[in-house]
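> This is the structure I want to talk about, given as structure tokens.
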Amino acid sequence: MGSAQARQRLLAIFGQVQAYIFQVEMLKRCDPSALLPLVGSLKLNALTIRMLRRKLGGALIEQAQHQQTPLACALTMALEYAEVEGERVLRAVDDVNLAGPEGFFRATMRLDEPCEYHVRVHLDTYGGPIDAEVQFLHDAENFLKQLNYCHLITGFEAGLDALESVARFLTRTVGSGIVVPPELCDPTHPCSVCFEELCVTANQGEAVHRRLLECTCDHITRQMAVRVANIDIARHLPHALSVASERRAAAEAALRALEARRVQGHNGKSAGTEDPTQQVASRLLESHHVFKPASRCLYAVSELKFWLASTKHGDMGQPRAIDTFTENLETLDKQEKFFHLQAATVELALFGRTLDHFDRLFADQLLGLDVIDGMLVGSCAVSPDDHIEALIKACYTHHMSAPLLQRLTDPDTSNREALKQLLGRIGVDTDDGAGELGDALDVDLDNLGGAPPVNSTPCGEDALCRTVSEERPWDKLLERATADASQRRRMYAERLSKRSIASLGRCVREQRRELEKTLRVNVYGEVLLHTYVSSYNGFCARRGFCAAVSRAGTIIDNRSSTSAFDSHQFMKAALLRHPIDQSLMPSITHKFFELINGPVFDNAGHNFAQPPNTALYYSVENVGLLPHLKEELARFMITAAKGDWSISEFQRFYCFEGVTGVTATQRLAWKYIGELILAAAVFSSVFHCGEVRLLRADRTYPDSSGAQRCVSGIYITYEASCPLVAVLSAAPHGAIGAETVVIYDSDVFSLLYAVLQQLAPGSGAN
């Protein structure tokens, strides 16, 4: 079977296991009496999961000993979770007669047990032990990134032991299906993919870390838009073939009756909520017909009604954002109550009783939650997007309640006020509609107040008043100043209101992303699993390398050989008397970055490869390395090449005795690796034996048979017990065989001397 076919089969099995896990999670929340007829099928599925684990478990474990893949890892976790939780449901069903429905829910959902998402992680480094607690998804990702940064001061056994604890956490989370519990995810914590995306997008002069503060992560978990409609029950009811057709018909009839009552009540309420001023104006206009003369007053009322109607039903322009949102939280609460009424009605029609599901049995506890917790828990009747839109609607409503903003956002306000004043002038009471409409129609607008009569001028002599006005135009200065001030006040209010609305809209757009990520249904992404697999494969490759080189045909172990001291002294004296070629510093620096970088960020091995400094940049930035350490790391090789770069004593290369603390141990490991790189560079230029290849043990890979492929070169294993291994005369594809020569050493100079001896003419080594 080819690799593609094997992958297809694993994907098919993984999909079926995921479907089974989803069904188990649904059954945990259903009335246990509904599970009793399904016990046979549940047991058959549980036995199938056991059979799959027995049949695939051995092969999956054997593969994990050499190299893990995300698919195989996810399948292993899903099978383990499915077996444990499926049998938990079966045990709870067997005990339901004694424990009752509440005991069933407490057993299946582990309500009386401590939180299952708290996992302690212990890591032994060369600089001392590290203890951490993983309780969120971003905690697991942060620990994996920290372990990736500290890989060169961590042995493979300690690294794999720590990853085993992380795997337990991932089994309870990533292995539990596709839906993420809301208490596990905090989208305000950016992941490594968020950082990489911000590094390749336009920053507009803003620092990456400042942009990360405004980042909402959608990689560790991915949000899904879920829509819930009122007709979902009616839509799926005809497909419930397990009940009699008569009961289905009765349930459909009951749903139609409920919907008719709801629509009738909604229409009656809508008809009774019309503004009283508009009602009076409508009755006033309805009492007129074409055989009656239309006064200017009646025409003004009709004109105001026209403008009010045109702004309400007009199709000019796009609707405002405030008008596009759904009803407020009270409306959503009514929608949820109607959904539960529908569900209870259908259950009574189909089964003759209502079922004790989890949300009904624990309704009192759920009602005790506050608004925020209630929205996080969610509802089967209201989608998260409806909650989000209701929140934004409430935000807009509160902001728009200011009179200043109401005048700007609601242009009909002035029209309604004018209509109300007009009806009041003609003697119509807008509160109860009393008054004689016929007499009111004869009122002329010219006599409704405003300008005084022509003959009632206060000035006795018209000519004198006119002369004074013409000679002294400044007498209206106060009036003009008042009008100008009013106009400026109006313009300032409009500008201030528009700016306020723009700021509110910008705030809503920014916060909406976080609201959607928090309240929507989230599913597990692939970032966390890929990060775990990459870190696991790095430590696993180191273990496989150490096991592979131990099977070589010729093994020379100089780690505890006292006879190698003369070789150490000779090679050290020969290399230290020669200066380092400064033209080699760029390549030497890149080799340093390549050897200290962790296994997670392997950008140099991508199809579109990036230099080693890019991968190291992602590694140190994702762990929040302090700026002074980043500066020291960037200039490390340049500084080391200018001084005495030989720091290790005889057979004490990669020795950390007496050093405590992660930072101090890490800095010493950098010095050891820098010494190895500089010694190899000078060795190649002095003895003219070609380039000495410095390789990493965690960049070796197994073949299809599981054998580790190790090409010829000097390997750094990052193991304090055996830090340096030289592999000579390996097969063309890196296979370790009888002709392969392997040299173990814990001293750089004695190892180079041994390599020089093996490369001498007539030795047969290469």
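Cβ atoms are placed via backbone N, Cα and C, with glycine included.
If you look up Swiss-Prot, you'll see 191-219 marked as zinc finger. Taken from Swiss-Prot, the feature ATP binding site covers PHE683, SER684, SER685, VAL686, PHE687, HIS688, CYS689, GLY690.
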> Considering every residue in the zinc finger (191-219), what is the mean pLDDT value?
85
> What is the set of residues, excluding PHE683, SER684, SER685, VAL686, PHE687, HIS688, CYS689, GLY690, whose C-beta falls within 8 angstroms of the centroid of the C-beta atoms at the ATP site?
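Other same-chain residues with Cβ inside the cutoff are VAL692.
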> Within the zinc finger (191-219), count helix residues (DSSP H, G, I), strand residues (E, B) and coil residues, in that order.
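Its residues fall into 13 helix, 0 strand, 16 coil.
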> Going by DSSP, is PHE687 (ATP binding site) sitting in a helix, a strand, or coil?
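Where PHE687 (ATP binding site) sits, the three-state DSSP reduction gives helix.
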> What are the non-local neighbours of VAL686 (ATP binding site), defined as same-chain residues 6+ apart in sequence with CB under 8 A from its CB?
ALA574, LEU575, HIS578
> Taking the Cβ of CYS689 (ATP binding site) as the centre, how many other Cβ atoms fall within a 10 Å radius?
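Around CYS689 (ATP binding site), other Cβ atoms within 10 Å: 14.
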